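A short worksheet on the structure shown next.
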Amino acid sequence: MGMTPRRKRRGGAVQITRPTGRPRTPTTQTTKRPRWVVGGTTILTFVALLYLVELIDQLSGSRLDVNGIRPLKTDGLWGVIFAPLLHANWHHLMANTIPLLVLGFLMTLAGLSRFVWATAIIWILGGLGTWLIGNVGSSCGPTDHIGASGLIFGWLAFLLVFGLFVRKGWDIVIGLVVLFVYGGILLGAMPVLGQCGGVSWQGHLSGAVAGVVAAYLLSAPERKARALKRAGARSGHPKL
């Protein structure tokens, strides 16, 4: 016991074999899902959540809709969180569905982490903007803003300008395609005075501004790398 196995060879030489004590295990390789699969699944899940919320709202007699953004009211600040999840009716939600799917999917192509941060910035900043200016132009008193269209306008604005900030060909192409297909809806962010109810241009405008802010903030790594590259080129010494 405790002896090392040995095998004699000619000439008296001894070969010692030492057990490693570590059993060999087969190597496992995790397969990373393509970005478009992750993005598509994420957006489909989010839109499915919106339909579930609307179903609950309809079954409750539209009681959830009172949780929208009520401008300049302290309790209306809760709407900043809940408003993008609420819709006035099925028609309202279905009108937002295709833009949510298309623009949301394109947003995820920049990376899921960047998509989450951009959405959070647009969601909160756009909601706060709506809370501040939501009553501007209303001819029938205080308003209550609900719907995911502010998020749509934020994603749209983000996609339009993000490529310009990062100076990457693929992102610029996406921005141009989005401009060609959805550029016309930006008219929905134009102020309309003397309006009673209807489309929330205040939410659209606030969402679009928040989208530009998000694109600028989240393009910081690329902009910083570009600035360092320019600085390095200027400070380079000529070769002798």
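From the backbone N, Cα and C atoms, a Cβ is placed for every residue, glycine too.
The region 'Disordered' feature in Swiss-Prot is assigned to 1-32. Taken from Swiss-Prot, the feature compositional bias 'Basic residues' covers 1-11. The compositional bias 'Low complexity' annotation in Swiss-Prot covers 17-31. Marked as transmembrane segment by Swiss-Prot on the basis of sequence analysis: 36-56, 93-113, 115-135, 146-166, 172-192, 198-218.
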Maximum Cβ pairs under 8 Å to the transmembrane segment (36-56) - stretch from the list 93-113, 115-135, 172-192: 93-113
Within-chain partners of the transmembrane segment (115-135) [C-beta distance under 8 Å, separation at least 6 from its ends]: 39, 42, 69-72, 76-77, 79-81, 83-84, 107-108, 142-143, 145, 150-151, 153-155, 158, 200, 202-203, 205-207, 209-211, 213-215, 217-218
